[in-house]
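Each remark here refers to the structure printed beneath this line.
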Amino acid sequence: MHELSIAHNIVTIASDAAAEAGVDRISAVHLRIGALAGVVADALRFSFAIAAEGTPLAGAELIIEEVPVVVFCPDCNAEVTLTNPRLFRCPRCDRPCGQIVHGRELELVALETP
């Protein structure tokens, strides 16, 4: 379960940011996670609660924005959102598309304080 190591990294980054800002507690952490990031959101939430114990993030809410897979289709000359991220084919022209524009993100976007 690599979500636990991801959760520990999130807690470390957020705790460091809180200390640098002189903040005692973080109430929410906002993440953007792409559909291709290989992260199970529920497992990350569970792991985050464990990793946050005894830190300024204890009890903080983990808010996850899921990012769909967007690819560039050279035949349509457009960015398109894949309806099935397992099939890298343009939903407009049904041609193969391999240039990923979005969908691999794993970003800490914002921290909220009480």
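Backbone N, Cα and C atoms are what each Cβ position is placed from, and that goes for glycine too.
Note that the structure is a prediction, hence the values are computed from the model and not measured.
Under the heading Ni(2+) binding site, Swiss-Prot lists His2, citing sequence analysis as support. Swiss-Prot lists Cys73, Cys76, Cys90, Cys93 with the feature Zn(2+) binding site.
Within its own chain, Cys90 (Zn(2+) binding site) has Val71, Cys73, Asp75, Cys76, Val80, Pro96, Cys97 as residues 6 or more apart in sequence whose C-beta sits under 8 angstroms from its own. In this structure the alpha carbons, written CA, of the residue listed as 'Ni(2+) binding site' and Cys93 (Zn(2+) binding site) are 37 Å apart. Listed in sequence order, the residues Pro74, Asp75, Ala78, Val80, Pro91, Arg92, Asp94, Arg95, Cys97 complete the 8 Å Cβ shell around the Zn(2+) site centroid, once Cys73, Cys76, Cys90, Cys93 themselves are left out.
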